[in-house]
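What follows is a single structure, written as structure tokens, with notes after it.
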């Protein structure tokens, strides 16, 4: 990937900044939320302010482009910040604290609390506070970087024009040299089940329940299903996840890790019905919901009764009413916008990134695409190695991986070796009395190059970034094994697993 400093130097030599600075003076006088009879002129117009969109807008402005970002919602940050990644992590963190205090964990550490009570409204208030601070932070960054924020639904009304429309019908026209679509994704509906965000909820509703349900059924045991199911299970709900596939954790997870992960969640009280499909859901007169299920291959029907039904079978690209059809931009069979390696659509000055294009629907993937996309507009190199994009499940313990799984390597016919190290043998995990899980490293059998890293355990979401860096630089298992890691730390388990992969045995197990 071409470094950002080179892009800046390249632009400076071309006089790009001087040429655009005059335009930026005009942009700085435009309010963050503006509607006028006069069109706004821009070099780059970003539709959507989620992780991909807002980062792309800021980067474009930093590169000297006169930049506009259009957002249909009142707050910036998209799904991730408002009703996704951020609020779910607040609830996951706080529900974990409650679980430790309410169960036997604290007592086993010599911390005796006579009575632990859940104040759900206070917990939700802390979640909202975190979201508000971060959405306000984006608004501040826009102002600081002179990104013009236009509130409204953005539609491409010409190859060089975007029109933003508010709920009251007011419009703002933006004339623009480049258009970047970063509209993200939306919840995939379940045929025959209507979401009311009260007792039949999507991930959005599950983040704002008014009380802890007695019984919760989750359709889908992927990342979102196990995360949100964990929140309410910790807070006292009886949770059952119904999953069509034969494993938990979604697509891409290593099967050995998945089996161990499922075992740990079940030990916590989480129930699973795998290889099972939901055939319908009926609300009863008493407010409860009968969920009809049967084996994925067909068979005897069964009914599970619950207070709340959470539908999380995935997400789909949000591309409706963007004006793509009028421009002749056709979607692929999965509803995604086809782009080339520079994120250009069939119309060269219209780009797309994030959940609306191919690849994993991850916030950090969208951020990377946003940055390199606008660097490409400025003449920089455009490259991203999707094999180095990590995935994380923020349960406790966490699950994280980057690179290939064992199943993928077998399917591709790649010869590999495996190194494992359990957290039960890690000093820091022992002192923390938090020893579930392991680190699993997959290395090339002859070259020793790291091909994949799979972590189940405390702090996996942080540790996986060391693995991502190693993969990005093409490191061998021995390279990591010979890097001195501080003691006692959880990351020593990562080093030990690489020792096991490279030399056949770890030191401490």
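Including glycine, each Cβ sits where the backbone N, Cα and C put it.
If you look up Swiss-Prot, you'll see 1-35 marked as transit peptide, on the strength of similarity to another entry.
Around the Cβ of residue 66 (N6-acetyllysine), 27 further Cβ atoms fall within 10 Å across all displayed protein chains. For 66 (among others), the entry in Swiss-Prot reads N6-acetyllysine, with the evidence type similarity to another entry.
The N6-succinyllysine annotation in Swiss-Prot covers 66 (among others) and is backed by similarity to another entry. Look at residue 66 (N6-acetyllysine): DSSP puts it in coil.
Using a 10 Å radius centred on the Cβ of residue 77 (FAD binding site) and all shown protein chains, the other Cβ atoms total 25. Under the DSSP three-state reduction, residue 77 (FAD binding site) is assigned to coil, being neither helix nor strand. Residues or ranges marked as FAD binding site in Swiss-Prot (evidence: similarity to another entry): 71-80, 89, 154, 183-185, 355, 361-364.
According to Swiss-Prot, the disulfide bond annotation covers 80-85, on the basis of similarity to another entry.
Summarising the annotation, Swiss-Prot assigns N6-acetyllysine to 104 (among others). According to DSSP, residue 104 (N6-acetyllysine) is assigned to coil rather than to any helix or strand. Sequence-distant contacts (6 or more apart, same chain, Cβ under 8 Å) of residue 104 (N6-acetyllysine) do not exist in this structure.
The N6-succinyllysine annotation in Swiss-Prot covers 104 (among others).
In the three-state DSSP reading, residue 122 (N6-succinyllysine) counts as helix. Look at Swiss-Prot and you will find 122 (among others) tagged as N6-succinyllysine, backed by similarity to another entry.
Around residue 132 (N6-acetyllysine), taking its Cβ as the centre, 12 other Cβ atoms fall within 10 Å, counting all chains. What Swiss-Prot lists as N6-acetyllysine is 132 (among others), and the listing cites similarity to another entry.
The N6-succinyllysine annotation in Swiss-Prot covers 132 (among others).
The N6-succinyllysine feature in Swiss-Prot is assigned to 143 (among others). If you draw a 10 Å sphere around the CB of residue 143 (N6-succinyllysine), it holds 14 other CB atoms from the protein chains shown. Under DSSP, residue 143 (N6-succinyllysine) is assigned to a helix (H, G or I) in the three-state scheme.
According to Swiss-Prot, the feature N6-acetyllysine maps to 143 (among others).
Residues within less than 8 Å, Cβ to Cβ, of residue 159 (N6-succinyllysine) and separated from it by at least 6 positions along the same chain comprise 327, 347, 349, 350. Under the three-state DSSP scheme, residue 159 (N6-succinyllysine) falls in the coil class. Among the features that Swiss-Prot reports, N6-succinyllysine is placed at 159 (among others), with the record citing similarity to another entry.
Counting every protein chain shown, 23 other Cβ atoms lie within 10 Å of the Cβ of residue 224 (NAD(+) binding site). The annotation NAD(+) binding site is assigned in Swiss-Prot to 220, 221, 222, 223, 224, 225, 226, 227, 243, 278, 314.
In the three-state DSSP assignment, the secondary structure recorded for residue 410 (N6-succinyllysine) is helix. Counting only residues at least six positions away in the same chain, no Cβ atom sits under 8 Å from the Cβ of residue 410 (N6-succinyllysine). According to Swiss-Prot, the N6-succinyllysine annotation covers 410 (among others).
Counting every protein chain shown, 17 other Cβ atoms lie within 10 Å of the Cβ of residue 417 (N6-acetyllysine). Taken from Swiss-Prot, the feature N6-acetyllysine covers 417 (among others), and the record attributes it to similarity to another entry.
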Candidates 122, 355, 417 (recorded positions); nearest Cα to residue 222 (NAD(+) binding site) turns out to be 355
Least Cβ-packed of the binding-site residues 71, 74, 243 (other Cβ atoms within 10 Å) is 74
Cβ contacts within 10 Å for residue 363 (FAD binding site), all chains included, total 21
Around the Cβ of residue 222 (NAD(+) binding site), other Cβ atoms within 10 Å, all chains included, total 22
If you count the other CB atoms within 10 A of the CB of residue 487 (active site, proton acceptor), including all protein chains displayed, you should get 9
Cβ-Cβ distance under 8 Å, sequence separation of 6 or more, same chain as residue 183 (FAD binding site); the residues meeting this, in order, are 47, 48, 50, 53, 154, 317, 318, 319, 322, 354, 355, 356
Quick note, residue 122 (N6-succinyllysine) and residue 77 (FAD binding site): C-alpha atoms separated, nearest Å, by 23
Candidates 220, 224, 226, 487 (recorded positions); nearest Cα to residue 80 (FAD binding site) turns out to be 224
